[in-house]
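Worksheet: the structure to be examined is printed underneath.
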Amino acid sequence: MPPVSRSAATQLRAIPKRILPRTQLAIPRQAPTILRPAHVVLPSRCHSTSNPNPSFSSVNPEEVSHFAELASEWWDPHGSSRLLHLMNPLRHDFINACLDSQPEPRNETLSYLDIGCGGGIFAESAARLRSTRSVLAIDPTPSVLAVAKAHARKDPGLSRKLEYRNSSIEQLEVPKREGEGYDIVSVFEVIEHIDQPGAFLEKVQPFVKPGGWLVMSTIARTWMSWLTTNLIAEDILKIVPKGTHDWNKYLDEDELRRFFMDKGWNSPRVMGVIYVPGFGWKQVRGSEKVGNYFFAVRRDLP
């Protein structure tokens, strides 16, 4: 589909908010591709920042309430966050693949901004890496962040590198000088919980330093993803808490790709993954078109 003349944020906002009724086993009806603009206004779990469009907030009270109910189980590897624990190693694999793809050597130490950090599964693991200089992890849900802080206190060595902050992206101070920002800005399993993904991404972009990476994971909006994440995972197997996913908020890889390319961010990287019961998450080439995937773009050096 050729780029459209309207702004990226406006186009993403045009994606239908509700395509199907909220009945328990309602089968999704996918809108024609022509109705799905390439630019997405992404919703975040709970974030807000002093960027343009001051009225925008990425925090959805319903999403905050939902994740607050799951706070106590966040660090139970067999609980409601089990799939996140199993996915975490692939997050690091994908980031390393992005860094290895750079034409120039990677920095000796890296700074991270983890947006929508939840209980801190990724933030803690990133802070433990020898190559990590600092990790700032933010989330809008106080009860979830309390769990993250309590777990981090079990390892006093983390305090030198890891900082948790009850904040949305809109509330963070935007870097003022060229060269400031973070080497890695991570948005894992967040965008599919945001009401305006395009506006959210526009808030996130300034926090990536030149030469840095914006790395995220989300779910494609397809029949297969509805079958696996909504019907099977939530309704039948109940391995994911009911109400965690809203199929209407899923984003296709080509929508993200076009959004960033229209913003001048080139060379996106994608990695599709599939959950195999008994074996965990596995990288499967091409699966980004039907279900879970990682997506990354790099901010150009000056």
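Yeah, the Cβs are placed from backbone N, Cα and C, and that goes for glycine too.
According to TrEMBL, the features are:
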- Arg91, Gly116, Asp139, Phe188: S-adenosyl-L-methionine binding site (BINDING)
- Glu189, Glu192, His193: Mg(2+) binding site (BINDING)
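Where TrEMBL records a feature, it is marked here on the structure.
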| residue | record | DSSP (3 states) |
| --- | --- | --- |
| Arg91 | S-adenosyl-L-methionine binding site | helix |
| Gly116 | S-adenosyl-L-methionine binding site | coil |
| Asp139 | S-adenosyl-L-methionine binding site | strand |
| Phe188 | S-adenosyl-L-methionine binding site | strand |
| His193 | Mg(2+) binding site | helix |
Comparing the binding-site residues Arg91, Gly116, Glu189, Glu192, His193, which residue's C-beta has the most other C-beta atoms within 10 angstroms in this structure?
Gly116
Given the binding-site residues Arg91, Gly116, Asp139, which lie close to Glu189 (Mg(2+) binding site), meaning Cα to Cα within 10 A?
Gly116
Pairwise Cα distance maximum in Å, S-adenosyl-L-methionine-binding residues per record: Arg91, Gly116, Asp139, Phe188:
18
For Asp139 (S-adenosyl-L-methionine binding site), what is the tally of other C-beta atoms lying within 10 angstroms of its C-beta?
29
Measuring Cα to Cα, how many Å separate His193 (Mg(2+) binding site) from Arg91 (S-adenosyl-L-methionine binding site)?
19
What count of other C-beta atoms do you get within 10 angstroms of the C-beta of Phe188 (S-adenosyl-L-methionine binding site), across all chains shown?
23
Cα-Cα separation of Asp139 (S-adenosyl-L-methionine binding site) and Glu192 (Mg(2+) binding site), in Å?
15
